[in-house]
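Input: a single structure, listed below in structure tokens.
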Amino acid sequence: MVHTGLAIRIPVSNGDRVTFAETFPCIRKVRSDRWGDRLRVELLYGQTPDQWAEQAEALRQAFRARSCRIRADRVGFIWVDFTRRDPLAHPVPPADLDGPDADGDGWDDDAGPVDLSGIPVGRRDDGQPWRLPVRGAHVLVAGATGSGKGSVLWSTIRGLGPAVRAGLVELWVADPKGGMELAFGRAMFTRFATDTDSIADLLDDAVTVMRDRAARLRGVTRLHTPTTGEPLIVVIVDEIASLTAYVTDREVKRRLSAALPLLLSQGRAPGVVVVGAVQDPRKEVLPFRDLFPVRVALRMTEADQVDLVLGDGARDRGARAEDIPDDLPGVGYVLADGQADPVRIRASWVDDAEISRMAHRYQPPVAGAVPDPDDLGPGWTPDINGWAA
């Protein structure tokens with residue numbers, strides 16, 4: 001503690017001798033499990049959580065831990081988390097959205113509705129499910145090649161599956177890489193575009209829907225509620241930099257540069273949200289990254305990229321995404337607006353067999369078909385106008 005500057009040494013003169021009175025921060029609580037130790041520490045007068053965050057690496061080395069993270073508690077207190085075993089070292093299986101049923105088809109036809117304020121997409125480092133907010137939130141996923149961006153996107157698509165099947169969510173998917181990544185889930189998508197011209201059309205149409213809804217909902221509600229007649233539209237873009245920095249056609253680039261910021265700045269309330277993945281988070285590549293309230297940083301190539309994605313000080317508070325090993329795809333840190341500290345997470349691994357199965361299981365309802373009330377959850381009432389349209 002003394003060597004890190006987190007304890008105070010005051011020289012005391014005793015005639016011809018000088019001694020030092022040492023004052024140490026007080027450990028008020030200790031919690032331990034098989035993964036590590038968590039200490040609640042009372043700060044000395046004049047200390048701040050940032051001072052401790054700056055010494056996190058020194059503390060990790062001193063206590064021989066895998067990692068050390070500092071989290072602010074109430075005024076005058078912090079939590080110091082030492083990880084000794086990595087709870088995210090092994091791949092995370094996809095969440096059980098539907099259990100096996102009696103007819104033997106492997107799916108539960110009576111499964112409940114999806115909570116769009118937090119769909120299961122993986123696991124947190126405290127062992128709890130990682131739930132990603134979709135309704136009322138835009139999500140940015142950033143990471144180097146091979147960091148697991150696809151795992152986050154597929155886990156998100158899969159988590160929305162029951163709502164897609166119920167007609168409460170539409171997936172509008174843009175894959176600028178020619179459909180190489182996301183075409184396997186085509187059966188679940190209401191819209192699917194793979195070239196810049198068709199992607200520009202898709203985004204323009206999303207802006208039109210957004211503006212129409214906003215005009216109708218103005219003064220009625222502050223947040224759109226998905227229905228079968230007016231579902232939540234989730235616009236998924238696999239490599240968003242392909243639309244912001246690498247388009248050569250001036251007219252198409254103008255359309256893309258106009259539509260994306262509009263959706264990000266105005267789309268949450270009327271129910272048109274964006275989930276975007278990017279490899280290079282620099283401002284010149286993604287000038288509107290601050291418009292994403294939920295940001296995920298997977299493995300980064302440079303330390304300063306962490307704060308570019310998660311915000312200033314996130315790396316000092318433990319989000320060392322540049323240190324994530326290459327053999328841990330899907331591991332990263334997530335931070336949402338209003339959240340004090342980043343949370344370490346790992347996205348579920350969705351293999352090709354599961355993608356094929358979910359694409360067959362969670363197809364959108366056919367136009368004019370009556371949805372199964374069991375898919376819509378308790379309290380659902382038919383949208384007669386939507387069916388009659």
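Glycine is treated like the rest: Cβ placed from N, Cα and C.
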Among ranges 30-53, 318-341, 366-389, whichever one TrEMBL labels region 'Disordered': 366-389
Residue among binding-site residues THR145, SER147 with least C-beta crowding, 10 angstrom cut-off: THR145
Local Cβ density at GLY150 (ATP binding site) - other Cβ atoms counted within 10 Å: 20
Any further residue of that chain within 8 Å (Cβ to the Cβ centroid of GLY143, ALA144, THR145, GLY146, SER147, GLY148, LYS149, GLY150) of the recorded ATP site: GLN279, LEU298, ARG299, PRO329
Rounded mean pLDDT for the residues that make up the domain 'FtsK' (127-307): 93
Among GLY143, GLY146, GLY148, the one of these binding-site residues whose Cβ has the fewest neighbouring Cβ atoms within 10 Å: GLY146
Distant-in-sequence Cβ neighbours of ALA144 (ATP binding site), under 8 Å, six or more positions away: GLN279, LEU298, ARG299, MET300, THR301
